[in-house]
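Here's the structure, in structure tokens; my notes come after.
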Amino acid sequence: MPTARSAARIDRSSSPRGRSARAATGQAAGKPLVIVESPAKARTIAAMLGPDFVVESSVGHIRDLPRRAEEIPKAYKAESWARLGVDVENGFKPLYVVAPEKRQVVEKLARLVEEASEVYLATDEDREGESIAWHLMEVLHPRVPVKRMVFHEITPQAIQRAVQEWRELDRRLVDAQEARRILDRLYGYEVSPVLWKKVMPRLSAGRVQSVATRMIVERERARMRFQAAEWWDLQASLDPGEGEPRFEAQSVAVDGQALASGRDFGPEGTLAQGARVRVLEGPEARSLAEALVGRPFEVTQVQERPLRRSPAPPFITSTLQQEAARKLRFSAQRTMAVAQRLYEQGWITYMRTDSTTLSDEALAAARAQAAELYGPDHVPPAPRRYEKKVKNAQEAHEAIRPAGERFRTPEEAAASLSGDELRLYELIWKRTVASQMADATGTTAQVRLVGTPEAGRPAVELAASGSVITFPGFLRAYVEGSDDPEADLAEREVRLPRLAVGDVVRAEAVEARSHLTQPPARFTEASLVKALEEQGVGRPSTYASIIATILDRGYVWKKGSALVPTFTAFAVVGLLERYFADLVDYGFTAAMEDDLDGIASGEREALPWLTRFYFGAPKGQAAEEDGAGRISALGLRRLVAEHLAAIDAREINSIPIGEDPESGEPIVVRVGRYGPYLQRGEERASVPEDLPPDELTVERARELLAAPSGDRVLGEDPESGKPVLLRSGRFGPYVQLGGAEESGEKPKTASLLASMRPETLTLEDALALLALPRLVGVDPASGEEIWAHNGRFGPYLKRGSETRSLERDDQLLGIGLEEALALFAQPKTRRGRQPAAPLRELGEDPETGQPIVLRSGRFGPYVTDGTTNASLRRGDDPETVTLERAAELLAERRAAGPPARRSTRATKAAKATKATKVTKAAKTTRAAGSRGTGSTRRRASGE
DNA sequence: CAGTGAGCGAGCTTCCGCTTGACTT
């Protein structure tokens with residue numbers, strides 16, 4: 001912290017080549033070192049700067065907050081805030097670490113800095129880039145002059161200019177980045193644990209992913225609310241005569257009253273209130289269609305308008321992903337991977353950008369190419385410049401375009417590129433060239449016609465529209481794709497015959513067409529990226545990974561290209577909306593960006609901003625002043641603590657589906673450990689994994705409850721003739737003798753053994769299971785029976801009130817009396833029975849002299865010296881772990897102290913979890929409906 | 001989500017944004 005400002009000071013007196021600095025430090029003559037972010041960029045710039053410069057890359061950020069417990073330095077492990085990586089009690093000071101995979105990069109840079117005459121920090125000119133530059137300074141602390149160098153386009157002129165026009169590091173921009181980073185960490189690492197405790201372990205929440213998930217869930221909810229409605233219209237094929245071609249027209253009004261069409265139905269699928277339209281129904285439509293065939297229609301109106309369309313701006317990351325999805329059917333990830341290869345091979349400019357700006361070089365190249373290929377008349381007199389339209393754009397780069405001062409055409413590219421790369425390059429090339437071409441012009445025509453069936457019946461008004469492009473302009477190079485196929489059709493050129501008011505045409509054929517209103521479409525990767533960008537959520541470098549994250553967490557799955565939310569997502573979004581509404585507000589990021597701009601411009605400071613977010617607004621200060629009302633009133637920390645006590649997990653994990661129309665009982669989906677299941681009173685049924693939530697209607701739920709889909713009939717019990725079913729339950733798969741509907745007696749059930757798989761289970765296996773418990777024999781000493789049971793913890797023997805666990809599944813069916821007696825003869829402890837042989841003996845601990853062995857335990861492999869045990873960590877391989885490593889782990893474990901005295905906080909949390917589980921279990925067995933109160937839970941967890 | 005009896009090495013999961021690695025034959 002203290003060195004930040006002074007280290008960032010830049011020696012203005014030194015010449016660009018740093019001669020004076022060398023003299024001052026007495027260093028050998030070296031070359032200036034330029035550090036950029038990307039290796040590919042380093043290569044390009046190195047070529048432009050020539051041999052007098054050394055150019056190297058940082059490969060992105062070099063330091064960050066520790067990601068996992070493993071990355072927290074030992075010295076900080078005991079700190080109360082270590083888990084967050086931010087000392088929230090002391091000015092939100094971040095703990096930065098160099099990630100293991102970045103060590104090599106940092107070492108290399110450090111070597112180069114030592115040899116350099118001066119250092120140019122040439123990372124991107126945005127918050128993140130400025131921050132990377134600052135971290136480089138902090139980590140490398142060069143003893144030679146340091147200059148901040150910036151450029152927004154990679155052309156020889158721009159680079160040369162940037163070398164001359166360097167500036168100082170902007171600490172405020174760095175502060176803004178750091179504030180952003182800390183807020184995201186606090187949000188993610190405070191809220192995710194709430195989900196672990198209330199919904200499922202390993203889930204996550206974050207400023208970006210939670211909003212993305214919420215959008216997808218809200219869309220699904222809208223689909224669930226949607227009521228499909230039917231409407232009809234007429235399509236007439238009209239013959240103008242005199243050899244002119246026929247044309248098509250659609251009904252728009254009957255008897256002077258406008259007819260409803262798709263767009264008159266709102267998002268709920270119902271007609272907007274007060275809509276003055278009439279819904280044409282089937283019988284009337286059919287009767288009209290029939291009666292209109294062969295009838296004359298008179299042209300009542302002809303409207304011609306000039307048509308002008310302009311090209312779309314050049315690609316930025318989000319639009320590239322959208323168009324590659326529409327036109328090439330690429331996923332966001334595939335698009336970015338292909339673009340990365342094109343960029344690295346020098347075909348295109350940088351692919352992670354939010355700027356539509358083209359460099360002068362690019363403007364000239366695009367215009368020259370357009371003129372050459374399509375003629376000078378297809379290029380406007382002045383270059384087109386596109387205004388920034390992206391919310392929170394940082395605009396550190398150019399738009400995505402073909403690289404170089406002369407674009408290589410797709411034909412030229414085909415010599416070296418193929419497949420995905422060629423296709424994406426062609427897309428980028430077309431879009432770039434088209435963006436500098438002239439508008440397309442033409443005319444559109446709207447024609448109205450009126451005709452009547454036989455006398456006494458109402459008049460029917462038809463409409464036809466056509467459009468003619470007279471000058472294609474940019475359309476010759478590129479047409480933007482659309483998510484809406486109907487809109488796409490409408491874009492097509494349609495020619496109408498020359499018509500004038502008063503002309504009469506004849507209806508050759510009239511068809512009555514039925515339409516169903518469609519629910520709002522699910523998000524695709526491309527439309528989600530578009531929606532996120534519109535809200536300013538996420539950055540070009542993260543769009544693809546946001547989708548990967550929500551897929552990975554099990555919030556969303558892909559059905560074709562559609563993103564379908566899971567019921568887990570419903571539970572999580574429901575929790576967040578209800579208890580952390582401000583955090584999942586769609587405007588949260590935009591408000592945050594405004595604040596960060598304030599920090600970057602010096603209007604506000606990061607510390608009070610973070611304090612307010614985390615600890616709440618100072619007393620007396622109106623909390624509603626900023627967007628995050630409730631958060632700022634209480635502060636995130638207290639909010640989380642409060643909610644941990646108050647949130648009823650059972651309620652959060654219940655998603656209401658509706659009421660059973662027969663019994664009036666509510667039907668809910670509950671998110672359980674084994675996935676979602678339906679519940680109606682005491683009845684339960686699994687929800688198929690591939691069932692989209694909007695298809696789980698009350699009717700469908702009733703069907704599933706009537707015949708739980710997970711069930712499989714294995715066969716018939718030869719003795720009783722009853723069916724043997726394979727089912728899935730709370731404790732995993734089990735078999736059942738007899739159907740559930742058999743009145744009165746409870747059907748006999750038995751869990752599968754650990755070694756059995758439901759997919760391959762046979763009737764024989766099932767019958768053997770149902771025959772359990774098995775009488776092994778009678779103890780000759782006491783006369784007591786010995787039974788083999790299959791229990792919660794696996795197979796075991798029971799003699800009176802005594803039990804012994806069995807080692808293997810097959811003993812359950814095969815163990816004899818003698819062997820059983822031998823087991824009972826041994827004491828009950830695991831050690832007494834048959835201590836599993838150690839996996840490996842590692843040798844003697846150099847510190848204590850105790851032998852260390854590697855064992856396999858419940859939680860995986862661990863090492864022990866007989867008194868202290870330590871689990872292997874991530875990255876430790878049981879096959880190859882050394883004595884030294886084992887001794888180190890044990891020493892760490894001993895240093896942490898005995899379990900009772902260690903981290904009171906963690907222990908308390910563990911106890912609380914246990915207590916909660918007990919209450920939960922008790923609650924479940926109690927009559928349904930008597931929900932635990934907050935005070936009960938508090939007592940339980942306060943224990 | 002069915003219902004069936006232990007005692008015992010805990011420690012970790014998670015955020016958003018920058019950027020590409022890759023120990024061998």
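Using N, Cα and C of the backbone, Cβ positions are placed for all residues, glycine too.
Heads up, TrEMBL stuff is auto-annotated, nobody curated it.
Fair warning: this is a prediction, and the values are worked out from it, not measured in the lab.
Annotation comment: TrEMBL describes A:1-28 (among others) as region 'Disordered'.
Taken from TrEMBL, the feature compositional bias 'Low complexity' covers A:15-24 (among others).
The site 'Interaction with DNA' feature in TrEMBL is assigned to A:H61 (among others). Its own atom aside, the Cβ of A:H61 (site 'Interaction with DNA') has 20 Cβ atoms within 10 angstroms in the protein chains shown.
Per TrEMBL, site 'Interaction with DNA' is recorded for A:R180 (among others). Annotation note: A:R180 (site 'Interaction with DNA') sits in a helical segment as assigned by DSSP. The Cβ of A:R180 (site 'Interaction with DNA') has 21 other Cβ atoms within 10 Å, all protein chains considered.
Taken from TrEMBL, the feature site 'Interaction with DNA' covers A:R181 (among others). Shown in sequence order, A:D64, A:L65, A:P94, A:S131 are the residues of the chain, 6+ apart in sequence, with a C-beta less than 8 angstroms from the C-beta of A:R181 (site 'Interaction with DNA').
When Cβ atoms from all protein chains are considered, those within 10 Å of A:D184 (site 'Interaction with DNA') total 15, not counting its own. Annotation source TrEMBL lists site 'Interaction with DNA' at A:D184 (among others).
In the structure as shown, the Cβ atom of A:Y189 (site 'Interaction with DNA') sits within 10 Å of 17 other Cβ atoms. Among the features that TrEMBL reports, site 'Interaction with DNA' is placed at A:Y189 (among others).
Around the Cβ of A:W196 (site 'Interaction with DNA'), the same chain contributes A:R202, A:L203, each under 8 angstroms and 6 or more positions distant in sequence. Summarising the annotation, TrEMBL assigns site 'Interaction with DNA' to A:W196 (among others).
Here the region 'Interaction with DNA' (A:204-209) has long-range neighbours at 183-184, 187-188, 191-192, 194-195, 532, 537-538, 542, 546, 549-550, 553, 555, 572, 576, 580, 583, 588-589, 592, meaning same-chain residues at least 6 beyond its ends whose C-beta is under 8 angstroms from one of its own. The feature region 'Interaction with DNA' is assigned by TrEMBL to A:204-209.
The feature active site, O-(5'-phospho-DNA)-tyrosine intermediate is assigned by TrEMBL to A:Y350. Counting only residues at least six positions away in the same chain, the Cβ atoms of A:S38, A:K41, A:I154, A:Y343, A:H397, A:E398, A:I400 sit under 8 Å from the Cβ of A:Y350 (active site, O-(5'-phospho-DNA)-tyrosine intermediate).
Its Cβ taken as reference, A:R352 (site 'Interaction with DNA') is surrounded by 22 other Cβ atoms within 10 Å in the chains shown. In three-state terms derived from DSSP, A:R352 (site 'Interaction with DNA') belongs to neither a helical nor a strand segment and is classed as coil. The site 'Interaction with DNA' feature in TrEMBL is assigned to A:R352 (among others).
When secondary structure is read from DSSP and collapsed to three states, A:R553 (site 'Interaction with DNA') falls in the coil class. Per TrEMBL, site 'Interaction with DNA' is recorded for A:R553 (among others).
The region 'Disordered' annotation in TrEMBL covers A:828-943 (among others).
Within the chain carrying the compositional bias 'Basic and acidic residues' (A:885-895), a Cβ under 8 angstroms from the stretch's Cβ atoms is held by residues 74, 842, 845-847, 852, 854, 863-865, 868-873, 876, all 6 or more beyond its ends. What TrEMBL lists as compositional bias 'Basic and acidic residues' is A:885-895.
The compositional bias 'Low complexity' annotation in TrEMBL covers A:896-935 (among others).
Under a cutoff of 8 A between CB atoms, and with a sequence separation of 6+ in the same chain, the neighbours of A:R553 (site 'Interaction with DNA') are A:R202, A:L203, A:S204, A:Q209. Secondary structure from DSSP puts A:W196 (site 'Interaction with DNA') in a helix. In this structure the alpha carbons, written CA, of A:R180 (site 'Interaction with DNA') and A:Y189 (site 'Interaction with DNA') are 14 Å apart. Within the set of recorded sites A:H61, A:D184, A:Y189, the entry lying nearest in space to A:R352 (site 'Interaction with DNA') is A:H61 (CA atoms). Across the region 'Interaction with DNA' (A:204-209), DSSP classifies residues as 1 helix, 0 strand, 5 coil. In this structure, A:Y189 (site 'Interaction with DNA') is part of a helix by DSSP. Across the fold, the C-alpha of A:D184 (site 'Interaction with DNA') and the C-alpha of A:H61 (site 'Interaction with DNA') stand 16 Å from each other.
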